[in-house]
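Undergrad: Got a structure for you, written out below as structure tokens; questions coming shortly.
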Amino acid sequence: MFLPILFVFSLLLSSTHASVLDFCVADYTAPDGPAGYSCKKPAKVTINDLVFSGLAIPGNTSNIIKAAVTPAFADKFPGVNGLGVSIARLDLAPGGVIPLHIHPGGSEVLIVIQGSICAGFITGATNTVYLKTLQKGDVMVFPQGLLHFQVNAGGSSALAFASFSSPSPGLQIVDFALFANDLPTELVVATTFLDAAQVKKLKAVLGGTN
Ligand SMILES: *[C@@H]1O[C@H](CO)[C@@H](O)[C@H](O)[C@H]1NC(C)=O
């Protein structure tokens, strides 16, 4: 008789505990745990933690990819911490490209606001390509962890917003992983079957060494 009562009591306690915090605004001043940021004390949370301003400003596309991503992820937007969501702005100048990349931590939903964008992803199981030129108002999904890209498909600037199923979806760009670090050229050649000359050229462009 005694044990079940204790069990119910401890369940009650733990569910009470779980409902103490309605949300977990990131506290950048406290140490991070294995699960991420510490939670700011609710009494210290302000509206400014819950609002991110800046996505009205076009990103600077004067760069090699002629594109810019302005993220509002948990490291810059404390309010999304713990909520399983985040958002980013994408600007693509004419000829702009968001190169082949993955988000290890979350799926993406992209909505085109202006211009047209050729977007696609490649499945992990069969390397099937799903590809579409998106117009204003079109929305496309990019499943978590799959390789994908966006290319400006028109002659004018394109604008899109991407939302994610994680406050910290992460970003790994394939070309940067291959050519922007000190992985020796011979190993890049051996593991990609690209020509050494091409690898050295891309390392020079992207700041890689070796
Ligand atoms: C955009 O970036 C380029 C290259 O870094 C820089 O020269 C330029 O001043 C920047 N433009 C603005 C408006 O910040």
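Glycine is no exception: its Cβ is also placed from the backbone N, Cα and C atoms.
Nobody curates TrEMBL annotations by hand; they come from automatic prediction.
As annotated in TrEMBL:
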type	residues	note
SIGNAL	1-18	signal peptide
DISULFID	C24-C39	disulfide bond
DOMAIN	53-200	domain 'Cupin type-1'
BINDING	H101, H103, E108, H148	Mn(2+) binding site
BINDING	H103, E108	oxalate binding site
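Any idea what these are sitting next to in the structure?
TA: Neighbour density for C24 (disulfide bond): within 10 A of its CB lie 22 other CB atoms from the protein chains shown.
Secondary structure at H103 (Mn(2+) binding site), taken from DSSP and collapsed to helix, strand or coil, is coil.
Its own atom aside, the Cβ of H103 (Mn(2+) binding site) has 22 Cβ atoms within 10 angstroms in the protein chains shown.
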Undergrad: Average the per-residue pLDDT over the domain 'Cupin type-1' (53-200) and send me the rounded value.
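TA: Overall, the domain 'Cupin type-1' (53-200) comes to a mean pLDDT of 97.
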Undergrad: Name them in sequence order: residues not among H101, H103, E108, H148 whose Cβ is within 8 Å of the mean position of the Cβ atoms defining the Mn(2+) site.
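TA: For the Mn(2+) site, the extra neighbours are I102, F121, F142, L146, L147, P169, L171.
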Undergrad: Using a 10 Å radius around its CB, how many other CB atoms surround H101 (Mn(2+) binding site)?
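TA: Looking across every protein chain shown, the total is 19.
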Undergrad: Which three-state DSSP class does H148 (Mn(2+) binding site) fall into?
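TA: DSSP assigns H148 (Mn(2+) binding site) to strand.
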Undergrad: What's the CA-CA gap between C24 (disulfide bond) and E108 (Mn(2+) binding site) in angstrom, rounded?
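TA: So the Cα of E108 (Mn(2+) binding site) lies 22 Å away from that of C24 (disulfide bond).
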Undergrad: Taking just the CA atoms, what is the gap between H101 (Mn(2+) binding site) and C39 (disulfide bond) in Å?
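TA: Between the alpha carbons of H101 (Mn(2+) binding site) and C39 (disulfide bond) there are 30 Å.
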